[in-house]
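What Swiss-Prot records for this protein:
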COMPBIAS  30-42  compositional bias 'Acidic residues'
COMPBIAS  57-67  compositional bias 'Low complexity'
COMPBIAS  217-239  compositional bias 'Basic and acidic residues'
MOD_RES   SER2  N-acetylserine
REGION    175-206  region 'Involved in CASP9 binding'
REGION    176-247  region 'Involved in GNA13 binding'
Amino acid sequence: MSLFDLFRGFFGFSGPRSHRDPFFGGMTRDEDEDDEEEEEEGVTWGRGNSRFEGPQSPEEFSFGFSFSPGGGMRFHDNFGFDDLVRDFNNIFSEMGAWTLPSRPPELPGPESETPGERRQEGQTLRDSMLKYPDSHQPKIFGGGLESDARSESSKPAPDWGPQRPFHRFDDTWPVTPHSRAREDNDLDTQVSQEGLGPVLQPQPKSYFKSVSVTKITKPDGTVEERRTVVDSEGRKETTVTHQEAGSSPRDGPESPTPPSLDDSSSILDLFLGRWFRSR
C-alpha cells in the first residue's frame, strides 16, 4: 500500500489512486543496483541513461538530471510532488465545502438602519432588545430578515455518505451540534404571578448537630455536667445538670435535663424502652 492510499483511506476519501510510490520506491532498491550505477560511466544520469528507457516499474526512483552541451544542468523532477500537491488541493477543497459557513457573518452598521428597525413609540428599551420570537417583529441584519438568516443556517450539510471527510471521527466530533432553544424569558411577570419558588432552583440543605459535653467534679463531690448543642441553623442550646455525691442528678435552672447517653443502660433504655412500653 502506498502513502497516498494510506492517507486517503485514513481520512475516508476515495478516488483515483496513483500507481507510483515515489517515497517508498527508493527504499526497495537493492544495494547491488546502487553499486552497478556507481560503476557506470557517462555524462548523463537520468532520462539519458539506459535505466530510464522503456516502461518503468513503480519501484523505480524517477528523479534525474542531465548536462546540456552548453555546460548547463537540467533536472528531471518526477519525484511525485505534483501529485502530492494536487491531492492535497483536492482534499482541502472538499473540506472547505463541508466545514466553512455559507457566508461570513455581517455586522449591521449605522448606515444600514431602516425605519422598521427603529424603536416604536411607547416601546420600552427592554422590549426592543429581546430576541425573536419573543419580540413582535424580527430583527433585520444586513438588509435581510433574521428568519431568512436562520433558514440559511439551518440548511443540512451536504450528504457525503460513507466517503465524507473524517467520517470515522463522527462519534467524537458531531457534525451537527444539538440545537438548543435560546429565548428571552420575562422573569418579572413570572415572579409577580408565581413567586420566586418556581424561578429559583432548590438548594440542597445539610442537617447536622454539634454536641459538646463538659463535666466538672467539685471538691464536695458534686458533679456538674454542661451539655451544649448547636444545630445547622446556628441555634445554641445549653443544658446544665448537677449531681450530688450519692444522689440522683438534678436539673439546673437553665433547661430541662435530656436523657444521658454516657452508659450502656441509658442507651438501651432510650432505644428499647418505647418498644417495650407499647407492648
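Backbone N, Cα and C atoms are what each Cβ position is placed from, and that goes for glycine too.
The average per-residue pLDDT of the prediction over the region 'Involved in CASP9 binding' (175-206) is 69, rounded to a whole number. With DSSP classes pooled into helix, strand and coil, the tally for the compositional bias 'Basic and acidic residues' (217-239) is 0 helix, 14 strand, 9 coil. In the region 'Involved in GNA13 binding' (176-247), the DSSP tally of helix, strand and coil residues is 8 helix, 26 strand, 38 coil.
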